[in-house]
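Dumping what TrEMBL says about this protein:
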type	residues	note
BINDING	B:Asp95, B:Asp97, B:Asp99	Mg(2+) binding site
BINDING	B:Cys96, B:Cys112, B:Cys119	Zn(2+) binding site
DOMAIN	B:48-121	domain 'Phosphoribosyl-AMP cyclohydrolase'
2 protein chains.
Amino acid sequence: MSGLFHDLERSPTNTQVALDELLSAAKWNDDGLIPAIAQQHDSGEVLMMAWMNRAALEETLSTGRVCYWSRSRQAFWRKGETSGQQQQLVEARFDCDGDTLLLQVDQSGPACHTGRRSCFYLRLSTSMAEIDREPLMSADELYGMNR
Amino acid sequence: MSGLFHDLERSPTNTQVALDELLSAAKWNDDGLIPAIAQQHDSGEVLMMAWMNRAALEETLSTGRVCYWSRSRQAFWRKGETSGQQQQLVEARFDCDGDTLLLQVDQSGPACHTGRRSCFYLRLSTSMAEIDREPLMSADELYGMNR
């Protein structure tokens, strides 16, 4: 584990470190990415998980609008750029070992590309999985007929 | 993307599929793992993120006690086995493309190995990061003096 995150584990509350130093110590994976969980700030609903590289995180913190890194497109993914359903950043946090981000966001409309509010609409039981969330709008409405 | 998850995107609410079929279509990474977000079921607090392989998820669903796969120890990690702070499963969900799990849990005491309730105690701003959560107990209390 990175020395800085390890040192912070036992540091007192209110300890501060420079963002640049923390980002240099964070555990970006072999592709330079860290998973980021997006949670609606007021309801607490977990909306989605996507990935960020350092530049995407820095852009998100400076603009206040959430920007991921799309692994499939290998490009910045400014949430809402195509669908119009933006994510505004309320708060960003790293976890104890610097390998996961938690974003408190304000999401307009659906976060999921299927038109559902959250991507987590497949509930598991011991033998089955079931779709238990309705779309707020269709994928066609969200992206037009090109999709 | 897996055909099954893609097909389910436009399937009606209440559509069911066999768990075995869903797990075979899920996007386990090159190490056979999927990230699992643990959220306290009643407060909505996101507690931690860890990893599961298929066997860990199947055990979790059948026992109702959360079992991860520890990447550092390369072994099953039954939450609370060492610390006593167990995680009981309330609900498990897959996301739209089958590469992330969301677990609603009932966590006793701290979820974080630092003794804090949540692992996400490092709040970011545009230039700084700050520890803003107190431990519920010390790591020594949590694990004894061996750590």
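Cβ coordinates are placed from backbone N, Cα and C, and glycine is handled just like the others.
Annotations in TrEMBL come from automatic prediction, not curation.
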Far apart in sequence but close in space: which same-chain residues, 6 or more away, have a Cβ under 8 Å from B:Cys112 (Zn(2+) binding site)?
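Set apart from B:Cys112 (Zn(2+) binding site) by at least 6 residues yet with Cβ under 8 Å, we have B:Leu47, B:Met48, B:Ser118, B:Cys119, B:Tyr121.
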With Cβ-Cβ distance below 8 Å and at least 6 positions apart along the chain, what are the contacts of B:Asp99 (Mg(2+) binding site)? List them in sequence order.
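B:Asp99 (Mg(2+) binding site) has long-range Cβ partners B:Ala26, B:Lys27, B:Asn29, B:Ile34, B:Pro35.
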Kindly state the mean pLDDT of the domain 'Phosphoribosyl-AMP cyclohydrolase' (B:48-121) in the predicted structure.
96
Counting by DSSP, what is the helix, strand and coil composition of the domain 'Phosphoribosyl-AMP cyclohydrolase' (B:48-121)?
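Helix (H, G, I), strand (E, B), coil: 10 helix, 29 strand, 35 coil.
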